[in-house]
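Below is one structure; the comments refer to it alone.
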C-alpha cells in the first residue's frame with residue numbers, strides 16, 4: 001500500500017513537504033491516547049532474540065531512527081509506535097536557526113537515495129530540552145526508568161525487559177554547531193547544548209560530520225576533535241554530579257561521536273584511537289557523503305541539485321567498510337552504531353556481524369514506509385535464529401567466524 005501511495009502521490013510532492021506531511025501524521029498517532037500503544041503492540045519488536053543492552057538502554061531491538069528525521073523531539077512516541085527501538089533526535093544546535101534556503105532536500109529514486117542540505121534547521125537546545133522534560137514528567141521516556149536505577153554501565157548484554165519488549169521510548173540526542181557561531185567558539189557552543197540536553201538524553205552524540213554547515217567537518221581532525229570531545233565529556237560529567245531536578249538520581253550520559261564516510265582509513269583509525277583515549281562510549285558510522293560516484297541517476301540531474309549530503313543505498317559499501325575497520329580497531333571496547341545504506345534486514349544483519357551493536361536508518365525508512373521498522377526487526381530475528389544465536393548481541397562482530405549452530 002505504501003509503495004502505491006509513494007508512486008501515486010508522495011514522489012510528486014517536494015521531498016521536504018512530503019516529510020512534513022508524513023511527520024505530522026506520525027506525531028498525531030503518538031499523541032492520541034491509546035493509539036500509539038496499540039500500534040506499538042502490533043509493530044514493535046517483541047521477539048526476545050532481538051533484545052540488546054547498550055549504552056545503558058534495555059532495548060527491545062537493535063534498530064533505531066537516525067538523527068535528521070525528528071530534529072526537535074516532536075514525534076518520539078509516534079516513531080517508536082512504528083517499531084523503532086529508540087529515536088535519535090536532532091541535530092540540535094544551542095541557538096535556534098532556520099537552516100539553509102529551500103529547496104534543500106531531493107530524492108534520487110533510481111538510487112534509493114536522498115540529497116539534503118538542510119543545514120541543521122531546528123528550534124534550539126532550550127526548546128528541545130523543554131519538550132523532552134515534559135515527556136519525562138508524563139512518564140513516556142526511557143530516561144526516567146534509567147534514573148531510578150542510578151548510574152548505568154554503558155556497555156553490556158541485554159537486561160530484563162517486560163513481555164513484548166520495553167515500553168519506554170529511549171531518546172538519543174545529536175548536537176551540532178550553531179552556524180552563526182565562529183569556529184573558534186565551537187567548543188563553547190557544543191558545551192552549552194550538552195549542558196541543556198544531557199539531563200534529558202539517554203545518550204548524546206557530537207556531530208562533526210555533516211557537510212551542510214561550513215567548516216564543521218574540519219572539527220573531525222584529531223587535533224581539533226580532542227579538545228571538543230574532552231569539553232563535552234567534562235560537561236556531561238558535571239551535569240551528572242550536579243544532578244537534575246527532574247530525575248530522582250544523577251546518571252552518567254554515554255557520549256558518542258558521529259563520523260563521515262569520506263574520512264580516510266587513517267583518519268578513521270585516529271578517531272577510534274581518540275575515542276578510546278578519551279573514554280567515549282561509542283562511535284556512529286557514518287553520516288552522509290559529499291561523493292556522487294556510481295549513481296544511476298543522470299550526472300547532469302545530480303549536478304543540478306547542487307551541494308549536499310548523499311544518503312541511502314549508495315553509502316552501503318563504504319559505511320560497512322568503516323564499521324568493519326572500527327571493530328577491528330576497538331573490538332568491544334566501544335559501542336559501534338551502524339548507519340548509512342541500510343535498506344533491509346540483510347543490510348542490518350551484515351552490519352551486526354561486522355561489529356555494530358546497534359543500527360540506524362533514515363533513507364531506508366523514507367523509501368520503505370511505516371511498516372519498514374517491523375519488517376527489518378523481524379528479518380533480523382529470523383537471521384539470528386537461523387544462525388543459531390540465542391540473541392542478536394551474540395552475533396555482534398562474528399563476521400568471518402562460524403556461527404554457534406542451531407539451538408536444540
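Quick reminder: no glycine exception, Cβ is built from N, Cα and C everywhere.
Heads up, TrEMBL stuff is auto-annotated, nobody curated it.
Keep in mind that what you see is a predicted model, and the values were worked out from it rather than measured.
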Per TrEMBL, member of 17, 286, 398 binding FMN alongside 67, 68, 69, 70, 71, 91, 174, 207, 258, 312, 341, 362, 363: 286
By Cα-Cα distance, the member of binding-site residues 117, 119, 207 nearest residue 67 (FMN binding site): 207
FMN binding residues 67, 68, 69, 70, 71, 91, 174, 207, 258, 286, 312, 341, 362, 363: largest Cα-Cα distance, in Å and rounded to whole number: 20
Whole-number Å value for how far residue 210 (active site, nucleophile) lies from residue 117 (substrate binding site) (Cα to Cα): 9
Pairwise Cα distance maximum in Å, substrate-binding residues per record: 71, 116, 117, 118, 119, 120, 207, 212, 287, 288: 16
